[in-house]
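The annotation Mg(2+) 1 binding site is assigned in TrEMBL to 98, 120, 122. Per TrEMBL, the feature Mg(2+) 2 binding site maps to 120, 123, 287. Residues or ranges marked as substrate binding site by TrEMBL: 123, 124, 125, 126, 215, 281. For 6-201, the entry in TrEMBL reads domain 'Fructose-1-6-bisphosphatase class I N-terminal'. Annotation source TrEMBL lists domain 'Fructose-1-6-bisphosphatase class 1 C-terminal' at 205-338.
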Ligand SMILES: O=P(O)(O)OC[C@H]1O[C@](O)(COP(=O)(O)O)[C@@H](O)[C@@H]1O
Ligand SMILES: [Mg+2]
Ligand SMILES: [Mg+2]
């Protein structure tokens, strides 16, 4: 029988590195502990998701988040679970969440760590009540060691400086997907054992695809390069691409990205002209950066259409961004269409 590798063991081996017991690996012990706590929090959220109506977790809460979106009960529950699990462990300086206006500094009564944790506690909120896959997305940065206290400014680092990123998808299976900068690994939750078990390593996104994911109802609002790309896909075999394309849109970024990491594809949430001043719908710090890094680590490309997502220097915690990510050759084509349009 092949040996099962738990997330804990995988992380300890990463910490030790290739020299084994005496070695120095790719992740420090504090980062390992932090990732284990995040995984534990995801396990609790998964349990709440599974209970659904029985656990009283469905439906809207009576509040709005900082982006003016009506919060679901699960948005709030997942946010609280992540904060409570992470605040006392001593590995964090502060947290930031899609559901909170400002940063959450670790209270003085707990030891302070050097890491910053960002999360979208519940991604795909419109799917919670209809029993469709949803998830949690997270990203980890290092605090400036020279700074005496932690502030929002510490979080405003480009995605290329992430030290860990991942998501947990709550679907037919609960799967945690992780990168610490040396490839992408997937861990499936074994509910009987209560642990995440390594089920795929060295995840690779195929360079080519015939499957796109975009909210087609926004088509009339898109910029010409995005419209050109999708029009050509829709023309299929008879059009310039000479092949038929399939479409999928789950409306949970975690689920759409998980499909792309599993079998390839291109995902787009582009800028559109309804609110020209708003770069896009998705959030840079909680959605685009972690997903962009995972996709790059699996051999794909993540762009706004005009620049690499991971190179963007954030100016605001809740900054929005246009997102085009997935199979290398398709994303590069969309980038080329943008360049040709402005040339
Ligand atoms: O409802 P639309 O326009 O299809 O948007 C779906 C997109 O919005 C999101 O649900 C936004 O995330 P939240 O649920 O965390 O706000 C993405 O996961 C998804 O890709
Ligand atoms: Mg989201
Ligand atoms: Mg969310």
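Note that the numbers count up from 1, one per residue, in the order the chain is shown.
Just so it is clear, glycine is given a Cβ too, placed from its N, Cα and C backbone atoms.
Curation does not apply to TrEMBL; its annotations are automatic.
Positions of TrEMBL features highlighted on the structure.
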residue : record                 : contacts (Cβ under 8 Å, 6+ apart)
98      : Mg(2+) 1 binding site  : 65, 67, 119, 120, 121, 283, 286, 287, 318
122     : Mg(2+) 1 binding site  : 45, 72, 74, 75, 78, 79, 128, 134, 135, 136
123     : Mg(2+) 2 binding site  : 134, 135, 136, 137, 167, 252, 253, 254, 287
124     : substrate binding site : 132, 133, 134, 135, 250, 251, 252, 253, 254, 255
125     : substrate binding site : 69, 71, 72, 74, 75, 134
126     : substrate binding site : 251
215     : substrate binding site : 249, 251, 269
281     : substrate binding site : 269, 320
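Residue environment of residue 120 (Mg(2+) 1 binding site) contains 28 other Cβ atoms, counted within 10 Å of its Cβ in all protein chains. Across the residues of the domain 'Fructose-1-6-bisphosphatase class 1 C-terminal' (205-338), the predicted structure has a mean pLDDT of 97. Excluding the listed site residues 123, 124, 125, 126, 215, 281, the same chain places 127, 251, 252, 253 with Cβ atoms within 8 Å of the centre of the substrate site Cβ atoms. Taking the mean position of the Cβ atoms of 98, 120, 122 as the Mg(2+) 1 site, the remaining residues of that chain whose Cβ falls within 8 Å of it are 75, 78, 79, 97, 99, 119, 121, 123, 125, 136, 137, 286, 287. Ligand 3 lies under 6 Å from the Cβ of 98, 120, 122, 123, out of the binding-site residues 98, 120, 122, 123, 126. In the structure as shown, the Cβ atom of residue 287 (Mg(2+) 2 binding site) sits within 10 Å of 27 other Cβ atoms. By the rule that a residue counts when its Cβ sits under 6 Å from some atom of ligand 2, the binding-site residues 120, 123, 125, 126, 287 yield 120, 123, 287. The helix, strand and coil residue counts that DSSP assigns across the domain 'Fructose-1-6-bisphosphatase class 1 C-terminal' (205-338) are 60 helix, 23 strand, 51 coil.
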